[in-house]
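Colleague: Among the features that TrEMBL reports, domain 'Palmitoyltransferase DHHC' is placed at 80-239. The transmembrane segment annotation in TrEMBL covers 7-34, 40-61, 124-148, 198-222.
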Amino acid sequence: MWCVVDCCGAFCVLIAYGLLSVSNVTVLTCGIWPHGQIGHMLSLAVYEIWFLLSIVSHLTCMLTDPGALPKDIAVGNEPSCKRCKAPKPIVAHHCSICDRCIMRMDHHCPWVNNCVGARNQKHFLLFIFYVFLQCWTAVFCLGAAALAGAGRGDDFLSPESVRQIRGVAARRAAREAALESARQAAVAAGLPPPLGEAQILACMLIITVAVVFGLFTTIMLFEQLSNIVSNQTGIDALKGIAAKQRPWRESLQEVMGKGPSWRWLLPTPVRRAQVHDEFSIAHKV
């Protein structure tokens, strides 16, 4: 099993899992979904599938050898890396964090604590795709919940009741009791229950995080797809290295496997025998 030992990467991974988990719980408990009870259950099921696939894709990307070139093979006439002494084909780059030369290295991502290369770019693409779906879904369903809760937040107690209650603690207790009664009435009527102040605050915080990471994953998703279909890695693009011309379908299959296929949506390994890739020049890494 491949595992990169890096404190910064491990910290980013913990943050990623924490944000995904907290967002998932908030969406489950506070989100408002369309089309009544059936739509609520189906939407939650789809969202949970996205959540699980994002976690599995992340783990697979993090624990998969991205395409490290072996050090114990004869170099011959091929150039070798000055740092790790491994054979270094033109499509490989050395990663200072992994301390290895990586085949078709796109970049080193601290969020997955690994390089994104020939063997795990599919899993990275799936990870950002499912996080992208979760982020924008959370923005809409939690935004609807926060607006609904804020609109009814001051209607649980009448002004006369507020004036009759003395003391902050007593007023808070009365409001909580009225809020619970409103929740029970909403559930009985098949309506989304109103939210308390803490829940509305949680929704607003998660919405802010979801917008930030939603924009980030949107940019990353388009960048990754652009690099894949143009047969160019992120490092090559930064260095201005021209990409080898090839059909975009062939480049896509090199990353995702033979297809189009439903397997493209699952974090399964790519069998290299299925596609015509450049692994042969890396001694079948």
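Note: Cβ is positioned from N, Cα and C throughout, glycine not excepted.
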Colleague: How about the transmembrane segment (198-222) and the transmembrane segment (40-61): at least 3 CB pairs under 8 Å, pairs 6 or more apart in sequence, or not?
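Modeller: Since fewer than 3 Cβ pairs under 8 Å link them, the transmembrane segment (198-222) and the transmembrane segment (40-61) do not come into contact.
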Colleague: Calculate the per-residue pLDDT averaged over the domain 'Palmitoyltransferase DHHC' (80-239) and state the result as an integer.
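Modeller: Mean pLDDT, the domain 'Palmitoyltransferase DHHC' (80-239): 80.
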